[in-house]
Amino acid sequence: MTFTTPLKEDSIKIMLLGSGELGKEVAIEAQRLGIEVIAVDKYKHAPAHLVAHRSYAIDMQDKEQVLELIEKERPTYILPEVEAISIEALFEAERRGFHVIPNAEAVNKTMNRKNIRVFAAETLGLTTSAYRFVSSLEELKEAAEALGFPCVIKPVMSSSGHGQSIARSPEDLPKSWEIAKEARGDASELIVEEFIPFDYEITLLTVRNETGTVFCEPIGHIQQDGDYILSWQPMPMKEAALKKAQEIAKAVTDGLGGRGIFGVEFFVKGEEVYFSELSPRPHDTGMVTLITQSQSEFALHVRAVLGLPLEFEFFAPGASAAYKAKNESENPKITVPDDAFGKDTFVRIFGKPESHPGRRMAVALALGNDVEEAKKKAQDIVDRIEDA
Ligand SMILES: Nc1ncnc2c1ncn2[C@@H]1O[C@H](COP(=O)(O)OP(=O)(O)OP(=O)(O)O)[C@@H](O)[C@H]1O
Ligand SMILES: NCC(=O)N[C@@H]1O[C@H](COP(=O)([O-])[O-])[C@@H](O)[C@H]1O
Ligand SMILES: [Mg+2]
C-alpha cells in the first residue's frame with residue numbers, strides 16, 4: 001500500500017464530531033499527513049478547533065444540523081469523538097455513502113451502555129458484572145436488592161463518570177437516582193451493575209483495519225468518581241490474564257468491525273477478566289501513549305482510518321496524570337512549574353475556553369525506569385499545576 005499526499009481537488013478530509021483533547025491529537029496527526037481536518041463540537045474554540053482547517057459549533061444531537069454539515073463538507077471519513085451525537089444522522093450519512101469510523105452500528109452499540117452490554121454479555125457470552133436496566137426509582141430499588149450492595153448506577157448514555165454513583169445501601173438509592181437524572185446525555189434509562197472489587201483495571205488499546213488487528217501494551221489506571229486521574233503503561237499482568245483480555249478485545253472489536261482504534265476496558269480480579277465497556281476511538285487513559293510508543297494511540301487511529309499498516313514500537317514505561325480545574329473561569333490560565341519541562345516529562349494543555357471545577361484541562365506525562373517512577377513524576381507535576 002502506498003500513501004500519496006492528497007491533492008487539493010481530491011483531498012482526504014476528516015470530520016471530527018467532537019473536538020476535545022482526544023480529537024485535538026487526532027487532528028494534529030492527520031494534519032501531519034496533509035489531511036484536511038474539519039472539527040465540530042457543540043461549543044466554539046474547542047481544543048481540536050484550534051488545530052483544524054475549519055471548525056463548527058452545532059447541536060451534534062440534532063440530526064438535520066449534523067447531516068447538513070456533512071453534506072456541506074463531504075468528508076472522506078467521519079470520526080465520532082464523543083457519545084452525544086445524533087445516531088440517526090450517522091446511519092443516514094452511511095446510507096448516503098459516507099464512511100463513518102468505525103461504522104455507524106458500532107457507534108450505536110458503544111454509545112449506549114445497554115447496547116454494548118447486551119452485545120458483549122448476551123450475544124458474545126463474555127464475562128461482565130451482573131447488571132439490570134431500570135427506568136424508575138422503584139425498578140432501581142428492585143434491581144439493587146437483586147444485585148446486592150454496593151452496586152454501581154450509571155445513565156445508559158454518559159461518559160467520564162457523569163451521572164455515575166455507587167450505592168452502598170438502600171438509603172443511597174434516591175440520591176443515586178437524582179445524580180443519574182441530572183447528568184447530561186440520555187438518562188431515561190439507567191444500568192445498575194454489580195460492584196466488582198477488582199484487583200486492578202486496564203484499558204487494552206486495540207487497533208484494527210484490513211491489515212489486521214494489533215494490541216498496545218495494557219494500560220493500568222485509577223479512576224475517581226468514574227473519571228480517570230492516573231494511567232500508566234505497561235500494566236504488569238499475568239500472561240494468562242493478558243491473553244484472555246486480548247482474546248476478548250479481538251472478539252468484541254471483530255464483532256463491531258470497521259477501521260480504527262478501540263479502548264477496551266477490563267476489570268481483573270484473580271484469574272477472572274471482566275469486560276466492562278469500550279470506546280470506538282482513542283481513550284483518555286491512552287494519552288500516555290503520546291510518549292510511550294513510536295506511534296501514539298492518535299497516530300494509530302489515523303493510520304487505521306486510512307487503511308495503512310499498523311506498526312509501532314513500545315519505547316519505555318510511562319504515566320499520565322490528569323489535571324482538573326479547581327476554578328470557574330471564562331479565560332482559564334494554567335500555571336505549570338518550570339521543572340515540568342524536563343528531559344522526559346511533558347505537559348499538554350488542551351486549551352479549553354472555559355474551566356469549571358473538575359473539568360480536565362491538561363495532562364502531565366512522564367517516562368521512568370519503571371511505571372512506579374513514571375507515576376510519581378507525572379503525579380508530582382500535576383500536584384503543582386494551578387489554574388485561575
Ligand atoms: N461494576 C463496576 N464495579 C466496580 N467499579 C466500576 C464498575 N463500573 C464502573 N466502575 C468504576 O468506574 C469507572 C468508570 O466507569 P465506566 O467506564 O463505566 O464509566 P464512563 O463514564 O464510561 O467512563 P469513560 O467514559 O471515562 O470510559 C471504571 O473505570 C471503574 O473504575
Ligand atoms: N472519557 C471520555 C473523554 O475523555 N473524552 C474527551 O473529553 C472531551 C470532553 O471534555 P469536556 O467534558 O471537558 O468538554 C471529549 O471531547 C474527548 O476528547
Ligand atoms: Mg470507562
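Here, residue 1 is simply the first one shown, and the rest follow in order.
Using the three backbone atoms N, Cα and C, a Cβ is placed for every residue, glycine included.
As written in TrEMBL, here are the features:
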BINDING   E21, L22, E81, D284, K352, R359, R360  N(1)-(5-phospho-beta-D-ribosyl)glycinamide binding site
BINDING   R113, K154, S159, S160, G161, H162, G163, Q164, E193, E194, F195, I196, E201  ATP binding site
BINDING   E265, E277  Mg(2+) binding site
DOMAIN    118-306  domain 'ATP-grasp'
Distance, G161 (ATP binding site) to R359 (N(1)-(5-phospho-beta-D-ribosyl)glycinamide binding site) (CA atoms, angstrom): 12
Residues satisfying Cβ distance under 8 Å from L22 (N(1)-(5-phospho-beta-D-ribosyl)glycinamide binding site), sequence separation of at least 6: E81, R281, P282, H283, D284, M287, F298
Residues among the binding-site residues R113, G163, E265 that border ligand 2 - Cβ under 6 angstroms, in sequence order: none
Rounded to the nearest Å - Cα separation of R360 (N(1)-(5-phospho-beta-D-ribosyl)glycinamide binding site) and E277 (Mg(2+) binding site): 21
Those binding-site residues in E81, R113, G163, E193, K352 whose CB falls under 6 A of ligand 1, listed in sequence order: E193
E277 (Mg(2+) binding site) in three-state DSSP notation: strand
Rounded to the nearest Å - Cα separation of E277 (Mg(2+) binding site) and E193 (ATP binding site): 12
Inter-residue Cα distance where the pair is E265 (Mg(2+) binding site) and G163 (ATP binding site), in Å: 19
Fewest-neighbour residue among binding-site residues, criterion Cβ within 10 Å, set K352, R360: R360
Binding-site residues whose CB lies under 6 angstroms from ligand 3, from S159, G163, E277, R360: E277
